[in-house]
Amino acid sequence: MNPNQKIITIGSVSLTIATVCFLMQIAILATTVTLHFKQHECDSPASNQVMPCEPIIIERNITEIVYLNNTTIEKEICPEVVEYRNWSKPQCQITGFAPFSKDNSIRLSAGGDIWVTREPYVSCDPGKCYQFALGQGTTLDNKHSNGTIHDRSPHRTLLMNELGVPFHLGTKQVCAAWSSSSCHDGKAWLHVCVTGDDRNATASFIYDGRLVDSIGSWSQNILRTQESECVCINGTCTVVMTDGSASGRADTRILFIKEGKIVHIGPLSGSAQHIEECSCYPRYPDVRCICRDNWKGSNRPVIDINMEDYSIDSSYVCSGLVGDTPRNDDSSSNSNCRDPNNERGNPGVKGWAFDNGDDVWMGRTISKDLRSGYETFKVIGGWSTPNSKSQVNRQVIVDNNNWSGYSGIFSVEGKSCINRCFYVELIRGRPQETRVWWTSNSIVVFCGTSGTYGTGSWPDGANINFMPI
């Protein structure tokens with residue numbers, strides 16, 4: 001090959017290589033732009049939905065790596081999929097209840113700044129559980145705690161802390177309220193907060209930290225709600241509210257709320273005669289509530305709420321071992337599943353129960369006359385058979401030498417089933433302990449277990465003589 005041919009050959013090869021490199025640089029540039037704008041192609045979401053992203057797979061040979069050394073590839077981050085809760089899993093099968101949490105608020109109040117509270121409850125978002133209570137606008141070691149036996153004042157607020165964290169001075173005050181309910185729909189918290197004049201109160205509906213809706217008193221006689229968690233299924237939440245006499249006929253309505261906005265209000269129907277302070281739980285696709293009849297019955301009313309067509313029915317727990325306080329002795333108490341038993345119906349106390357096939361799990365004070373002690377058990381046939389009284393799996397939660405109070409249910413979704421848990425309010429101070437001028441509480445919390453368990457008693461535990469007056 002003569003020199004001219006060599007020059008031509010080298011030039012041709014060089015030109016070919018340069019052309020290939022140029023084309024590859026164009027390809028890399030196009031790839032970079034594609035990665036930046038189309039790394040994750042998301043379809044336009046439907047209303048209130050976030051669709052999953054599908055990554056584009058880009059293949060390239062090893063040679064391209066050389067040219068990517070100084071190239072920055074930015075990836076688009078897909079938003080996390082957030083869905084409404086539907087509670088469609090079955091209820092967990094349990095043998096009883098195991099200890100879960102205790103906040104010791106009163107004992108801690110002897111030497112620290114802890115809120116004066118009552119009407120506590122527990123509710124969980126998909127990842128964590130929280131405790132709520134209605135604060136009295138004061139700490140215990142404070143002269144403002146004098147007279148906190150009273151239920152309603154403009155200073156009461158709904159408090160919210162992670163479960164197990166007592167209500168210290170840094171506690172969030174969610175809203176102004178002397179009656180409340182809270183629940184998480186899978187996306188955000190809904191708080192129902194009632195406050196104002198007894199004859200003209202207001203219920204505010206706060207969703208995701210914003211006031212979305214409100215409703216005024218419809219009977220001008222202490223509008224009030226559950227004092228425990230509401231329930232949301234597929235984005236619609238339901239809460240039971242009553243306005244009217246505490247010892248006679250009242251007007252109970254069931255409200256349906258979507259992202260804080262009231263979408264439907266239904267009147268109570270069925271055979272229940274008086275409804276207060278319901279403890280509600282999801283029973284997919286519906287919601288079931290066990291309430292307090294403060295007028296005619298020491299057997300507890302049941303409300304069944306259809307979340308699809310908004311229909312409502314009511315009755316009474318069948319168990320002849322009734323759940324309210326005060327009540328008759330077990331040997332003489334009755335329930336026919338449909339009507340109030342007309343046995344010591346007034347006043348009553350907030351409580352809970354839940355169905356388990358034909359049986360019923362329930363909790364109640366040990367004393368039939370006072371809010372002292374606390375026990376749980378299952379009644380065989382207690383959900384389906386009138387006046388059933390066969391009791392099994394009894395547990396003492398608080399011995400009868402110590403005070404209890406309100407109690408309520410909350411539900412926790414596990415990997416395969418929905419567990420039922422409950423809390424007990426441990427009231428201290430007035431009216432029973434007149435050495436002090438305040439009324440406040442701590443709580444103890446138990447959850448259902450399929451395992452074995454032991455015995456014990458979990459009272460408040462504060463020595464009243466150590467407490468500020």
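First residue shown is number 1, and so on along the chain.
Glycine is no exception: its Cβ is also placed from the backbone N, Cα and C atoms.
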- Message: In Swiss-Prot's disulfide listing, Cys232 is paired with one of Cys193, Cys237. Which one?
- Response: Cys237
- Note on the structure: In Swiss-Prot, Ca(2+) binding by Asp293, Gly297 extends, among Asp309, Asp313, Asp324, to Asp324
- Note on the structure: Correct disulfide partner for Cys417 among Cys53, Cys78, Cys92, Cys124, by Swiss-Prot, is Cys92
- Have a look at Swiss-Prot and say which candidate in Cys278, Cys318 forms the disulphide with Cys291. Cys278
- Note on the structure: Closest by Cα to Tyr406 (active site, nucleophile), out of the recorded positions Asn86, Asn146, Asp151, is Asp151
- Task: Please list residues from the chain of Asp151 (active site, proton donor/acceptor) whose Cβ is under 8 angstroms from its Cβ, counting only those at least six apart in sequence.
- Result: Arg118, Trp178
- Query: Nearest to Asn146 (N-linked glycosylation site) by Cα, among Asn86, Asn200, Asn234, Asn402 (glycosylation sites)?
  - Reply: Asn402
- Item | Cα-to-Cα gap, Asn234 (N-linked glycosylation site) vs Asn86 (N-linked glycosylation site), nearest whole Å | 5
- Message: I need the CA-to-CA distance for Asn402 (N-linked glycosylation site) versus Asn86 (N-linked glycosylation site), whole Å please.
- Response: 39
